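Have a look at the structure below before the remarks.
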Amino acid sequence: MSTATDGAYADAMGADAYRPGTAVIRTFGWISVTMAFAYVINNFLCFWLEWPGVFALIAEPRPTGTGLVLALLQTALFVLSIVLAIVFVTRSPSRNLRADAMAMAAIANFVVRFAFWSVLLIGLVDAVISFLRVEALADQLLGAELGTELGRSRFRGPFVHAPMLIVALVIAARSRSLGFHWLALLVVLAELGIVLSRFVFSYEQAFQGDLVRFWYGALFLFASAYTLFEDGHVRVDVLYAGFSDKTKGLINAIGAIFLGLLLCWTIMILGMWNQSSIINSPLLAYEVSQSGFGMYVKYWMAGFLAIFAVTMCVQFTSCVLESIANYRQEPGAREIAPSAAA
């Protein structure tokens, strides 16, 4: 875990906020964050609610009536995301770069908390349902009609998984722990359960392996933003360790912009450009594994990529602001524990 000197972030007001270029850098940062969320919302409107999209305004034939209104609303969504960023910066001229960087990190952490509780609840509930179905208990306990419906991914998704998202959102809003740390323990326990059931009770079902893969994929992708915040990613640059803090700040800012943000936007654009894209296609089809009695969560694993891209985009933007503050040698720099930076 990282440690900061007492009051390092308490003083968000100061002369550093009025240095040349601060407003421009902050505006760039917040536009990067708001545009990422606007893109995801627009993707949902286009492919789940079947709105026409922004490009419908320049396509032939042009939309009319309700279609035109919806296309204009989607365009306004992107414009609003930019306007909100500019308004926030202009109305808070005394905030420095480090204050905004920490705020962005908090946003990424909230998304990760929400994602963690989502996969925890969905994983547990779906595993129980799969167990009941494979043991022919679903019809007896839940009724023949509901038991049959639970065998359809298009029913289980909106009527079982979606309510778990609402519960996860409430828990994430009230909890301050990131939570994903526990996924490592859950993966171990799930794997241990497979070993015990296989070698002690000679029992093994597809849903057991699905649960391990589901939680392990979430652990790997959800923890990336937090690892970036703690500077815990492995570096292969042998020269970086010898650089001064100022030079490190410059290198990190350039890398976060041209490598980090570019990667995140590449994933979002290619993964959510149309219905057949690698993220949208499984989600729209409620894609599941070929095993009939396995867990119906394969489509969520495609969504993990979207969570990864969005949280990393926000965290890379936070890294840009913090790195520029380090380059400008502004006070209040975080102290990264050696174990995290190793």
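Residue 1 is the first one shown; counting continues down the chain.
Note: Cβ is positioned from N, Cα and C throughout, glycine not excepted.
Annotated features, as they stand in TrEMBL:
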- 195-322: domain 'Tripartite ATP-independent periplasmic transporters DctQ component' (DOMAIN)
- 28-51: transmembrane segment (TRANSMEM)
- 71-89: transmembrane segment (TRANSMEM)
- 110-132: transmembrane segment (TRANSMEM)
- 155-173: transmembrane segment (TRANSMEM)
- 180-201: transmembrane segment (TRANSMEM)
- 213-229: transmembrane segment (TRANSMEM)
- 250-273: transmembrane segment (TRANSMEM)
- 299-321: transmembrane segment (TRANSMEM)
Handout entry: Contact between the transmembrane segment (213-229) and the transmembrane segment (28-51) (at least 3 Cβ pairs under 8 Å, separation 6+)
Key = no
Exercise for the section: Taking the transmembrane segment (28-51) as the first stretch and the transmembrane segment (250-273) as the second, find out whether 3 or more Cβ pairs fall under 8 Å, excluding pairs closer than 6 in sequence. Expected result: yes
Exercise for the section: Tally Cβ pairs under 8 Å between the transmembrane segment (155-173) and each listed stretch (71-89, 110-132, 180-201, 250-273, 299-321), then give the stretch with the top tally. Expected result: 110-132
Exercise for the section: Test the contact criterion for the transmembrane segment (250-273) and the transmembrane segment (71-89): 3 or more CB pairs under 8 Å, pairs 6 or more apart in sequence, then answer yes or no. Expected result: no
Problem - Tertiary contacts of the transmembrane segment (299-321) (same chain, 6+ residues out, Cβ under 8 Å) - result: 25-26, 28-29, 32-33, 36-37, 40, 97-98, 100-102, 104-105, 107-108, 111-112, 115, 119, 122, 153, 157, 161, 213-214, 217-218, 221-222, 224-225, 228-229, 252-253, 256-257, 260-261, 263-265, 267-268, 271-272, 278-279, 281-283, 285-288
